[in-house]
């Protein structure tokens, strides 16, 4: 029970960080789309607390932030981000716990795979959401939104998250081999 309470508390902290970090981009959508401030706490939550907590934090964060602050816009951005961030949190948590050694290389492997999968999920969500509206979401829009415009945020994640995980490991944290809800 103690581990579950600890993970729930940490998840709430990551949710709070995700609510606050976008203020450092001045709530300007163009800068937020470049630096991706809500992605970092969700990815860290998946790595530290596990896939279930990462998934839950990723699902809650964009909708909660949209309802409270009006950013990101609920439709289609926040709804697409629900799927994207949930995929990030779940995939990074699943992959990291399945890797034998918990090293910086393991963090990079799980992180890069989650970042690619999450962007694909985001693209699929955008196709569906914009298709309902009768708008098109083409290949160029996907590449631009998922990769080209996001290069600064991707680099920030690739530098910051492994550094934080290294510090967390040095502080004595070790992930459980099997996490709650895992088969």
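The backbone N, Cα and C atoms fix where each Cβ goes, glycine too.
A TrEMBL annotation is a machine prediction, not a hand-curated record.
Taken from TrEMBL as is:
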type     : residues : note
TRANSMEM : 38-61    : transmembrane segment
TRANSMEM : 73-96    : transmembrane segment
TRANSMEM : 108-130  : transmembrane segment
TRANSMEM : 142-165  : transmembrane segment
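For the transmembrane segment (38-61), the list of distant contacts is 7-8, 10-11, 14-15, 17-19, 21-22, 32, 81-82, 84-94, 96-97, 107, 110-111, 114, 118, 153, 156-157, 160-161, 164-165, 168, 173, 175-176, 179-182: same-chain residues at least six beyond its ends, Cβ to Cβ under 8 Å.
Within its own chain, the transmembrane segment (142-165) is flanked in space by residues 33-37, 39-40, 43-44, 47-48, 104, 107-108, 111-112, 115, 119, 122-123, 126, which lie at least six positions past its ends and keep a Cβ under 8 Å from the stretch.
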